[in-house]
Every structure is written in C-alpha cells, then in structure tokens.
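K.L.:
Handing you a structure now.
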Amino acid sequence: MAYGVKVNNVFAKAEESSESVQVQERAGNFSSSSLPEENKQNDVVVQQQEEEEKDSNSIWAYLANASKKLDSLGVETRGIERIQPYERSTNKTKQLISVIGLWLSACGGLSSMSSFYLGPLLFELGLKKTLVSGLIGQGLGCAIAAYCSLMGPRSGCRQMVGARFLFGWWFVKLVSLVSIIGVMGWSVVNCVVGGQILASISDGKIPLVVGIVIIAVISLAVAIGGIKQLLKVETLLALPVNFAFLLLYVVASKKFSYLTMNDPIDDHATLKGNWLSFFSLCYSITSTWGSIASDYYILFPENTPDLHVFSITFFGILIPTTFVGVAGLLIGNVALTYEPWGDAYAEFGMGGLLNEAFKPWGGGGKFLLILIFLSLISNNILNTYSAAFGIQLAGRVLSRIPRWLWAFVITAVYLVCALVGRYKFATILGNFLPMVGYWISMYFIILLEENIIFRTDAFKHLFTKEFPPESEETEGTSRTIVMAKNSAKNQHYNFEIWNDYDRLTHGFAATASFIVGAAGAAVGMSQTYWIGPVALAMGGAYGGDIAMWLCMGFSGVAYPGLRYLELKKYGR
C-alpha cells in the first residue's frame, strides 16, 4: 500500500479518536490531558490540511493534487515524517536482500573506484603504499557508516531527521546543508565520470556534456519513485555491475606485468604526507555513507538487532568497495609505466583509462563498460533521493514542498555544477571528498557519545522534557526505549517527539562541539586551498591530511561536558 494512503488512514483514525474524546470529556469521564500524544499531533496535522484545502487555488493545493496522482502510480509522496512501527515491513528476509543489493550496487561501482586510482596517479604512491593506505582508510570509514545506520530501525527517521536529537530544531539545518553538499558533490563526480566513459567509447563522437545529462536524467527518473522502487532497481543492477568489474580484473590482468612497487617520488617526507592524504581520501569514500545510511533501514522492524544492521552495512559497503577499489589501484599503477594507458587517462580521464583496459575485447569490452557505466546511476539515485529530505528539514515551508519536486531541483543544481567543472575532475575529487569526511567524523563521535553516555539508565533522569517524570505512569505515554539484543546498555529515546520543537534538544552542546571540531579540521587539513600548521608538520611541501583525526578528537573531548551542562539546565 502506498505511503500516502497509510498516512491518510492514520489521520482519519486520529480524527475519529479526537471526536470520541471530546464526547467523553463533556460527560466528565476523563480530562484531555490523558489524550495520547500521537493523536494530538495527528489532530494538528489534520487541522493544517483542512486550512490548506480552504484555498483550493493555492500552490499547495496544486502540489497536493499532483502528489495524490503520483501516489496512485506508486510514487512515494511521503516526506520527512517518521515511519511508525506498525507501518514497517514484517518480512525481515526481504528487507535484508533488498539492502544487500543496494550496497552491492551503490558501492561496487565507479563512484568508489574513482578515488582509489588517484593513489598512484595523483599522490604518486607505489602499489604497496596505496594498498595499505587505501584499504585501511576505507575500512575505517565503513565502520563509521555502519554505526550511523543503526538509528534507522530504532527511530524510523531519516538520518538527518534523527540528527535533531543531537543538534536540535535549528542547528540541524546546518548539518543537513553540509550533508546535502556532500551527496551532491558525489553526484557531480558520477556525472563527469559517466560523461568521460561515453566520450571514450564513442571516440569523442558523444560529447562529454551529453554523457553528463544522461546520467542525471536517468538518476532523477528512478529517485522520484521513492524508496521501494529505489531498492528494486539497486538490487536489479547489483549482479551485472559487479560481474562486469570481475571481468575487468580478467582483461586488465594481461598488463599486470607493468605493476611497480616503486614510488614515483623519492622524498621520504613527501611520501609520508601523501600517504596520510590518500588515507584520508579513501576514508571519506565510505564514511560519507554515514550521512544517509539510516534512510534505507527505516522500513526494518524497530526490534531488529543492532548487530544485524551493523554487520549488513559494514560488510555491504566494505566488500564491494574493496572489490572495485583494488581494481582501481592496479589499473592506476599500470598507467604509471604503460604508456598507452597513461595517454588514455590524460586524454579522457578515468573513462578513457577503463576503455583502454577493455579494448582487447572489442565490442564485448564496450558492452561491459556500459554495464559499469550503470553503477554511476546506482550511486546517483541514492544521492538524489536522500538530499531531498535534507532540504525539507530547512524549514516548514520547504517541508511542505513534496520530495519528488525537490528531486528535480537537486538534479538541476548538480547537473549545472558537473557541466561547469567537467574538465577539472581530479581537482574536484581530491579537494572535495576529504572535506566531507571531516564533518561526518564529528557527527559520528557526537552520536556515539550521546548513545553510550547520555542515553543510558545513568543519565535518563536528566531528560525531563523528553521523559517527563509524571507521564511515566500515565497510560498512552509516547515513549520508545530501544533494547537491541546483545547491547551492553539500553539506549533511551522518545522518537515520537521527532517533530516537537518544545521537547527536542536545543542542540547547543552538539553545535558548539561541531565548531570546536572544525577548528581541529582547519589545523590538520592539507588541501590546495589551505594547509594547516599541523598538517604541514607531517612532512613534504604539501604536508599530510590528518584533519579527520583532529576534528573527531576535538569534538569528542568537548561534547560530554557541554552536553551534561545542557541537560542540567534545559532538561533536553
């Protein structure tokens, strides 16, 4: 059943419940204070809808009618609203298969591979150093993303909606903006790589611009459909895309005799700095998923064990990313010493390099390259889908604009950015992705400390606004206590206040810690536009990027004390 129909049914039941309560109140049976909180919230929404319907000529009425028509076609029209436990799927096996297919398709593609080949070609590292730095970095990033995904089944909220419990009603808008920039940056990368592939396959007959537009349009078409259609498409693409990459290993192996362990540069200090910077880049490839990971678990039952969700996410990202990442390292390393591959990269970028690798197989190789091309669409679909919810968080007016309409706006923005920056792919990738890794590191450490310190039995009494003492004995109280199997301690959240400004945290502690962490990033980052003093001390003319460690450490030290003071003063 479509989401819109379910929500309307809930609203109808809430209205009937409200009328019944009013009758009983007149008879003096009980007071309105015992009315379940969920029904009160639904009554408010119903009243808002009735007010909107009064002005049938308003833009909101037109959008509502359009959403109803799309909903009848199976398009997800639901926005940032929480998925209630009774609305979720009871078929765990089906959900597991869908999300495994999602990760295989989204992570086992060129989006992940595109950063790894920069180890030899941009940072000038030999095979051994790129393997060690790249694989450890991306493995750590997988753990970050996997932990963030745990909030999906627990809360039924999108990742950035759940972040309201850390950053509050207002400050979460800043975090959401950073998240949007991150996923849209990946979309720019995907479009440019896709354009390079089509231009290379056609020997330049298909302009780079055309390839970029094709990627954007197809991604938009699927993202509009919603999460159910998205999961089906991702699962469908997973096997052919990964099979094509398997054959890439086979065809490229003929040139593996050109692999070299030697580093193109001899200066030890520079090598050390470049190793750290490449580590940070590969960490960013996988950790970035932490900003949207829980979006794809909101249909899971809320009693899904944390271990299951963490394991699926960790290995679901790690295995396909490693699979394509190692291929990127090997091909990039060969391009250092094998001139035809090096020339293809210089002319057509990554797309040209892949086309040259598949050239021995003629038309069959081009067909496989088209399958690999589809992996870019897989990744872009997720980005377009999730970024829309971030925009809806920015304000009440923006949240009233349907998700599907925001998908059009997002696509238009990253399409323009891709067209403008299409000839500066390596620069965009090398400078942009580490920046994304910085913020997700701060978000992760704040979330971790909130869960293992403050959401436990020891500090639950401080959440006087979220868990009022007098309401704990009242029947119908909206309270959610998450008790995952094998968890060391219970973690207490009242997820039904996700949209309650008066009971959500102010977010002062998290925001202050975020700013402190940004200071750590500033002194530890190594980019073309800024090299921090600590990064410069790591060695070489450009230093080494260690901002991810410093920003995580700075935020982690600041948050516990600030959060305790916030809870003591405000009770939320």
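For all residues, glycine too, the Cβ spot is worked out from N, Cα and C.
For 18-52, the entry in TrEMBL reads region 'Disordered'. Here TrEMBL flags 96-119, 131-153, 165-186, 206-224, 236-256, 276-300, 307-331, 367-391, 403-422, 428-448, 507-526, 546-565 as transmembrane segment.
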K.L.:
Give the one range among 96-119, 165-186, 276-300, 307-331, 367-391 whose Cβ atoms make the most pairs under 8 Å with those of the transmembrane segment (236-256).
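P.N.:
Answer, by Cβ pair count: 367-391.
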K.L.:
Please determine whether the transmembrane segment (96-119) and the transmembrane segment (367-391) are in contact (criterion: at least three Cβ-Cβ distances under 8 Å, sequence separation 6 or more).
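P.N.:
Contact between the transmembrane segment (367-391) and the transmembrane segment (96-119): present, because at least 3 Cβ pairs are under 8 Å.
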K.L.:
Suppose I define contact as three or more CB-CB distances under 8 A, residues 6 or more apart in sequence; do the transmembrane segment (165-186) and the transmembrane segment (546-565) meet it?
P.N.:
no
K.L.:
Could you check whether the transmembrane segment (546-565) and the transmembrane segment (403-422) come into contact, where contact means at least 3 Cβ pairs under 8 Å with the two residues of each pair 6 or more apart in sequence?
P.N.:
no
K.L.:
In the same chain, who gets a Cβ under 8 Å from the transmembrane segment (131-153) while lying at least 6 residues past its ends?
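P.N.:
For the transmembrane segment (131-153), the far contacts come to 116, 119, 125, 159, 162, 275-276, 278-291, 293-298, 300-304, 306, 309-311, 313-314, 317-318, 321-322, 325-326, 329, 437, 440-441, 443-444, 447-448, 484.
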K.L.:
Excluding the flanking five residues on each side, which residues at least 6 beyond the ends of the transmembrane segment (276-300) place their CB within less than 8 Å of a CB in that stretch?
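P.N.:
The answer is 83, 88-89, 92, 95, 99, 102, 107, 112, 115-116, 118-119, 123, 125, 130, 133-142, 144-153, 155-160, 162, 179, 182-183, 186, 227, 231, 309, 313, 317-318, 321, 325, 382-383, 385-386, 389, 430, 433-434, 436-437, 440-441, 443-444, 526, 538, 542, 544-548.
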